[in-house]
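I have placed the structure first, in the form of structure tokens, so that the comments after it can refer back to it.
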Amino acid sequence: MAFLCQRDSYAREFTTTVVSCSPAELQTDASGGKKEVLSGFHVVLEDTLLFPEGGGQPDDRGTINDISVLRVTRRGAQADHFTESPLSPGSQVQVRVDWERRFDHMQQHSGQHLITAVADLLFGLKTTSWELGRLRSVIELDSPSVTAEQVAAIEQSVNQKIRDRLPVSVRELSLDDPEVEQVRGRGLPDDHAGPIRVVTIEGVDSNMCCGTHVSNLSDLQVIKILGTEKGKKNKSNLIFLAGNRVLKWMERSHGSEKALTSLLKCGVEDHVEAVKKLQNATKLLQKNNLNLLRDLAVHTAHSLRSSPAWGGVVTLHRKEGDSEFMNIIANEIGSEETLLFLTVGDEKGAGLFLLAGPAEAVETLGPRVAEVLEGKGAGKKGRFQGKATKMSRRAEAQALLQDYVSTQSAEE
């Protein structure tokens, strides 16, 4: 038997009975990409309004007696609802679905069926898989390329069918029904039980599917195909939005246009040209800045070399600069006896460092300097450089170098 969410995708709440409630765990994505394990319960109901993940469609969210349902998964002919609080078997409960999420999934899923059918009918482009994403959805087509003309024709056709208000119906067929052989589909799960659900867009397509769908294409409102991207080997990914997602996309795009108009001081039609001019100007500034930085590095190297303080340990810190700046100084000086300790970046924050000098000394001191500055680095042939997180500890690193030089001098 199909769940209530499949029999009536527009139902938003209903009353049912708890069949069982057992301890369970749920692995979720936490901040920083780490996994978090929640302890809770798997609640099984006599029937459910909440769709369990399947057919490329994510699961629903909702509540059971105002207790949040964090995940819904199918197990054979039943659905497991994960909650953090238990519910008593045999008790009657009120189930509500997160309608905004549900209707969005209905629009994207029915939109996928429509695009898949039209792409096949017009150009023989077969769908091999699809993904209902959080912001956009992707249909994988069995073709190495799809032309802009084909995309435009598919988009025009699907939107005409939406305007034609074609009905969408759901039927259940038995496994031995001969009609099953003529229905589009990618096979059934190994643990499938009961009749086969067939979703039909009148005059366009019939497809085996377990998901929730609109009852009429007019509920899709509009479909926008954003374009295609190269997919897996000999495949193309077609990216699309349906229904309310198109409106949200237009709102974001309009907001970006308004912001760019204000920043660039020009009309929408001139945005691209204005950005190109800014990019060219920035490249020229970067080139000029690099030349000046190189000249400064050469001048700095000569100043250090001719300084009365030359010898032993020579240090220099500049807030502005990069690894190239430090390497130019080291190359110009070419010190084989003096330890040269260069740093660039925020004096109390993060930055870069370079240690140059006698190969044996640098090999010994480089990792220790990195440790003092709470950074990482690598080196060879008398040069060690890396990133530091605590430039505020430069004085400690300098003291370490001075102690080493003093010890070496005393031994000589």
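Using the three backbone atoms N, Cα and C, a Cβ is placed for every residue, glycine included.
Here's what Swiss-Prot has on this protein:
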BINDING   H109, H113, C209, H213  Zn(2+) binding site
MOD_RES   S174  phosphoserine
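Apart from the site residues H109, H113, C209, H213, the chain places the Cβ of G55, Q57, M106, S110, Q112, V168, V199, N207, G211, T212 no farther than 8 Å from the centroid of the site's Cβ atoms, the recorded Zn(2+) location.
Cα-Cα distance from H113 (Zn(2+) binding site) to the residue listed as 'phosphoserine': 22 Å (rounded to the nearest whole number). Distance noted between the C-alpha atoms of H109 (Zn(2+) binding site) and the residue listed as 'phosphoserine' is 23 Å. H109 (Zn(2+) binding site) falls within a helix when secondary structure is assigned with DSSP. Between the CA atoms of the residue listed as 'phosphoserine' and C209 (Zn(2+) binding site) there is a gap of 14 Å, rounded to the nearest whole number.
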